[in-house]
């Protein structure tokens, strides 16, 4: 296994961990005392303890969650194939294609997610958050997972090599 394959595997693993963390954390959108996520919604009322509950997701966010989960599965399979490529060289070729599929799934999720900003908890319009609302740390982690997936693909495809 060459150095670029190891580097790409580490980048894919990092992207995978960031994507899993982004789903687990309910801070996709912050609206003051409330945080809206894809699997949990939390709120703090008048300084009391934070309470979390499953949200009623719009179809756009269900689709986003589905694409992210498929992307996570793709990156996990990619990491396994890259490890397997140590013994079977042809596994790396399949790993690149599966990682590319994961990247496409993540990008689709990133395009679809802002359409759901119209929900009552957020109060915006598709692709437009209200002034008192910001994207949270979970969304930032998700965007970082896209970035690490793309950079991992560059290393996996040996695009960085001169000549």
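Each residue's number is its place along the chain shown, starting with 1.
Heads up, the Cβ atoms here are built off N, Cα and C, so glycines get one too.
Keep in mind the model is a prediction, meaning the values are calculated, not measured.
These come from TrEMBL:
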{"type": "SIGNAL", "residues": "1-19", "note": "signal peptide"}
{"type": "TRANSMEM", "residues": "61-85", "note": "transmembrane segment"}
{"type": "TRANSMEM", "residues": "97-119", "note": "transmembrane segment"}
{"type": "TRANSMEM", "residues": "139-161", "note": "transmembrane segment"}
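Within the chain carrying the transmembrane segment (61-85), a Cβ under 8 angstroms from the stretch's Cβ atoms is held by residues 1, 5, 8-9, 12-13, 15-16, 19-20, 22-23, 38-39, 91-92, 94-95, 98-99, 101-103, 105-106, 108-109, 112-113, 116, 119, 142, 149, 156, all 6 or more beyond its ends. If one looks beyond the transmembrane segment (139-161) by at least 6 residues along the same chain, the residues whose Cβ comes under 8 Å of a Cβ in the stretch are 4-5, 7-9, 11-12, 14-16, 18-19, 21-22, 25, 27-29, 68, 71, 75, 82, 92, 95-96, 99-100, 102-103, 106-107, 109-110, 113.
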